[in-house]
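A.B. asks: So Swiss-Prot lists these for the protein:
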- G30, Q31, N32, G33, M34, G35, K36, T37: ATP binding site (BINDING)
Amino acid sequence: MILKRISILNYKNLEQVELNFSAKLNCFFGQNGMGKTNLLDAVYFLSFCKSAGNPIDSQNIRHEQDFFVIQGFYEAMDGTPEEIYCGMKRRSKKQFKRNKKEYSRLSDHIGFIPLVMVSPADSELIAGGSDERRRFMDVVISQYDKEYLDALIRYNKALVQRNTLLKSEQPIEEELFLVWEEMMAQAGEVVFRKREAFISEFIPIFQSFYSYISQDKEQVGLTYESHARKASLLEVLKESRVRDKIMGYSLRGIHKDELNMLLGDFPIKREGSQGQNKTYLVALKLAQFDFLKRTGSTVPLLLLDDIFDKLDASRVEQIVKLVAGDNFGQIFITDTNREHLDRILYKVGSDYKMFRVESGAINEMEEKER
């Protein structure tokens with residue numbers, strides 16, 4: 001899938017933006033806070049029906065405005081044009097349309113335009129709680145497996161209902177707990193099996209990317225932990241019910257799964273330097289891209305937001321070689337350092353566009369300005 005053109009009104013600090021893109025490489029440079037990340041976030045929104053950084057849609061509307069609109073004009077691998085529209089008014093439900101037809105469920109759109117974003121916010125994958133790492137698995141698997149996304153939605157709905165019962169100060173019949181526990185167990189087993197299969201296939205791809213970027217200087221790994229591996233999920237939930245009632249929420253289940261991120265045999269959260277952490281995160285996301293490309297019917301879009309920060313020159317050079325190669329499709333990349341972008345452009349050749357970003361205004365540079 002190629003994003004040919006984007007139209008943006010009142011999204012974050014972007015008042016009005018109309019841009020045509022290169023099918024290969026699109027570079028955005030400017031100082032921090034000018035709107036580079038917001039442009040990438042608008043592209044992300046068109047794939048995931050939400051912002052990468054702010055889940056509250058109304059807070060993405062430009063200050064003192066009542067709405068935002070994002071429109072993307074794409075071209076599929078077979079040349080078919082696709083138009084995606086998102087509109088949001090304050091105090092109203094957002095609209096999401098494909099070729100002018102509104103989706104009845106936003107989840108039906110997930111995976112239609114596969115996308116991988118690498119950004120500074122990824123540091124939470126290492127530094128943050130286990131929910132960040134579960135979200136990483138969810139974002140990847142949901143883009144190629146509708147059954148997974150449906151099971152995850154069912155599980156979370158049942159989890160909310162069970163937690164409501166656990167908080168109740170009134171006596172609750174066991175049969176009522178069983179209704180939701182059986183739903184959690186059924187959906188949770190699907191989620192567990194698919195997470196386990198994904199991680200098994202993903203690990204060697206991830207290790208290969210890390211090895212290339214670091215030039216074999218360190219070994220890395222991933223391990224997946226789940227209550228569903230230890231026993232039947234239904235039995236786990238039933239056995240935990242008394243303690244859960246005391247706490248007022250569900251202590252066990254696939255919503256507590258963990259993805260351990262390792263440098264050697266130890267948690268990278270504890271052992272990794274800034275450069276090793278950044279290398280780990282970039283390798284994770286590039287492996288995510290490669291995995292989605294292998295499993296899907298279309299090449300994902302790749303968004304790279306300020307990825308060279310905290311990396312030494314040799315690792316920057318390895319990443320430049322990767323993204324300039326033929327393995328990746330359409331790329332959107334931001335940086336405050338024009339030299340980083342110039343090094344990539346030198347390797348890519350002529351198929352690129354360069355944009356200058358200043359105070360929410362984005363302008364394509366003429367060839368003589370580049």
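Including glycine, each Cβ sits where the backbone N, Cα and C put it.
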A.B. asks: Can you name the residues of this chain that are 6 or more positions from N32 (ATP binding site) yet have a C-beta less than 8 Å from its C-beta?
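C.D. replies: Set apart from N32 (ATP binding site) by at least 6 residues yet with Cβ under 8 Å, we have T336.
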A.B. asks: Which residue among the binding-site residues G30, G33, G35 has the fewest other Cβ atoms within 10 Å of its Cβ, if you could check?
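C.D. replies: Checked G30, G33, G35; of these binding-site residues, fewest Cβ neighbours within 10 Å: G33.
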A.B. asks: Far apart in sequence but close in space: which same-chain residues, 6 or more away, have a Cβ under 8 Å from Q31 (ATP binding site)?
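C.D. replies: Within the chain, Q31 (ATP binding site) has Cβ neighbours under 8 Å at T336, E358.
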A.B. asks: If the ATP site is taken as the center of the Cβ atoms of G30, Q31, N32, G33, M34, G35, K36, T37, which further residues of that chain fall within 8 Å of it by their Cβ?
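C.D. replies: Close Cβ neighbours, site residues excluded: T334, T336, V357.
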